[in-house]
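Asks: Just lifted these from Swiss-Prot, have a look:
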- Asp44, Ser45, Ile46, Tyr47, Asp48, Ser93, Leu94, Glu122, Arg145, Glu179, Lys297, Lys321: NAD(+) binding site (BINDING)
- Lys124: active site, N6-AMP-lysine intermediate (ACT_SITE)
- Cys412, Cys415, Cys430, Cys435: Zn(2+) binding site (BINDING)
- 595-671: domain 'BRCT' (DOMAIN)
Amino acid sequence: MKVKSKMNDNEKNNRIISEYNDLKNKINLWNKAYFDYDEPLVEDSIYDATLLKLIKFENQYKFLDNSDSPTKNIGAKVSKKFSKVQHQFPMLSLNKAYKFDDLKIFERHINKLGFFPNYFLELKIDGLSISLKYDNGNLIQALTRGDGISGEDVTENVFQIQDIPKQIKYSKPIEIRGEIYLSKSTFYEINECQKSQNLTIFANPRNAASGSLRQLDSSIVKERKLNSFFYSVTNPLDHKIKNFNDQELFLKENNFQVPSLNKFVDTIEKAYEFIKDFEKNNYREKLNYEIDGIVVKVDDFSLYDILGQTSKFPRSMIAFKFSDISIETKLIDIFISVGRTGKITYNAILEPVIINGTLVSAATLHNYEYVESLKLNKNDNVKIIKAGEIIPKVVSLSKKNSETIFKRIEYCTSCNEKLVQPEDEVDQYCINKKCLMIRLRKIEHFASKKAMNILGLGFQNIEKFFKLGILTKYSDLFFLEKYKNLIESQPSFGEKSFNNLIESINRSKSNSLEKFIFAIGIKQIGERSAKLIANEVKLLSNLINFDFEKLNNIRDISCKTINSLKCFFSDENEIEEIKIILELGLDFKNLENEFESKKLQGLNFVITGTLSKPRDFFKELIIKNGGNVLNSISNRINYLLTGEKSGSKIEKAQKINTIKILDENEFNKLI
């Protein structure tokens, strides 16, 4: 068995290496086409998605040879067309924020060092980064970002851009950084011209600006009518520039173009308010140039060296990316999923793209009415969004490549039973209680994190155990222990996996009634409703014969919810399941405001490293004893619970005298 396992590991590693090399080769091909021939082969979002996948491979599989990886570079490789010149000071990228919590983490690092600065907000121009050097008032060099260490010398072409000053009043040597961009109106004109000459059109203004600046014929650069914005003086304190107000005055006095929509705020909360207001009022669409976010910068330049930087990002600024950015991609296929209640959902398989820092390859299409309203079918181009933390969603058809609309599904894709659609609903349902997919999804939901939180029981294992006949309904979970030999004989499921699963199942027996009510998958019952019902019912044994009309007095319980409860508990199979649970002695109760003890009441914990049990086990234990579990080290933390490979959190905690660092044994004594 050991030999077989070793062979399987070798085969797996070879597959990983092969896929990793394919990703590297693909990105190298795209880089060559883009930087050597000004010919982008894929959308930026697809490029970013592939690069993100490469990064995930490198983080997960440490045996990979990443010495020649594109991830070693801040940006793109330097083009061979133009001479390569090293930057005097690296041109770093910006770290990204997608939600308010990201901004708070950014601010927390600054506050921990004892600083509470004002912030300057500026538009993040979606263009090509450029660095200009002036000496004795004359423009002497223009470099692109390149890989952040070295850039391309595009000085001759930059001289063709009308709004970039070739001479300035300031006579000392100085470096000014900004963005070269193409306005939306000019972008449209260029593409119309390209079409009329049967030439390839540009995918977006940024690609057009980048391609234009890299033209060998500088007269073409002049024709393209590129524009610029400048936002940074390198080493500003050397030029008696102390903050962004000083810098903006300096740039304007020397005839540099500066974005008009800038803002000063004194808290990160006000920064977020400005960003949300900017999005709400759709100011972005009113601009004649593309932006992809707002940059939040510490206003006091004297803090920049103190705050420092990582190998890629300065810690004095962060780019907030808009949450409602839509990305165009191809709808490769439409597939149907059957949920635990029998609800039919139409889903899109997409050409992978990145939205809000997340790799997206699928999105919901909700129901057939939604598909029909957008006139969607396979191979169409669509726009998708992922606002905040919600599931990615197809919002519009951007290009109709197919001739028809996807056909409505009339029969369940799992059991082939005729689907029904209630008069007052837009969704279709499979009502066959024996439908395989409904049964599997019910068990999956029961074991899910927000329900009974049974670890080590993914959908594939549920399906496997179902076929073995040992898990056909959720109550069977509590009898799996007697199938130890059978389960351990399954591929990729050894003794350790089995023991972890059984331990997690046993731990779920101490869950609250609200968790159980949510877990059994009653239509219309979410986490909030389950909590309200549990508060009234108190015990699982009361649930079967409970008068649900009593719930009419609860504001957030609707008549529809009550009818759904009545329907569910009129099903003999569902009643039988609950009776089995009760016979096991599992009379789940309402644990509202009830702790196992109050030993940890009001104490804040952070957990780090590898412990003897899953991290969620310790998290639940802390919460049940009245404590709180937070994600990051700060002055609010009382204890840091550490395991093996704890990393940087220990170092951060040691700098704050009030935090006590515990190992697992010390934690157990505390409990």
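The backbone N, Cα and C atoms fix where each Cβ goes, glycine too.
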Asks: List the same-chain residues at least 6 positions away in sequence whose Cβ sits under 8 Å from the Cβ of the residue listed as 'active site, N6-AMP-lysine intermediate', in sequence order, or say none.
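Replies: Long-range Cβ contacts: Leu94, Ile291, Asp292, Gly293, Ile294, Val295, Ala319.
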Asks: Around the Zn(2+) site formed by Cys412, Cys415, Cys430, Cys435, which additional residues qualify by having Cβ within 8 Å of the site's Cβ center?
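Replies: Same chain, not in Cys412, Cys415, Cys430, Cys435, Cβ within 8 Å: Val338, Gly342, Thr413, Ser414, Asn416, Glu417, Leu419, Asn432, Leu436, Met437, Ile438.
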Asks: Whole-number answer please: how many Å between the C-alpha atoms of Cys430 (Zn(2+) binding site) and Arg145 (NAD(+) binding site)?
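Replies: The separation of the Cα atoms works out to 56 Å.
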Asks: Roughly how many angstrom lie between the C-alpha atoms of Cys415 (Zn(2+) binding site) and Ile46 (NAD(+) binding site)?
Replies: 36
Asks: So among the binding-site residues Leu94, Cys415, Cys430, Cys435, who's got the most Cβ atoms within 10 Å?
Replies: Cys430
Asks: Select the closest residue to Cys435 (Zn(2+) binding site) from the following binding-site residues, measuring between CA atoms: Ile46, Arg145, Lys297.
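Replies: With Cα distances computed to Cys435 (Zn(2+) binding site), the winner among Ile46, Arg145, Lys297 is Ile46.
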Asks: In DSSP terms, helix, strand or coil for Lys124 (active site, N6-AMP-lysine intermediate)?
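Replies: In three-state terms, Lys124 (active site, N6-AMP-lysine intermediate) counts as strand.
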Asks: In whole Å, how far does the CA atom of Cys412 (Zn(2+) binding site) lie from that of Ile46 (NAD(+) binding site)?
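Replies: Just about 33 Å between their Cα atoms.
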Asks: When you tally the Cβ atoms that lie within 10 Å of each candidate's Cβ, which of the binding-site residues (Ile46, Cys412) has the highest tally?
Replies: Cys412
Asks: List the same-chain residues at least 6 positions away in sequence whose Cβ sits under 8 Å from the Cβ of Lys297 (NAD(+) binding site), in sequence order, or say none.
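Replies: Lys297 (NAD(+) binding site) has long-range Cβ partners Tyr119, Phe120, Leu121, Glu122, Phe244, Ser316, Met317.
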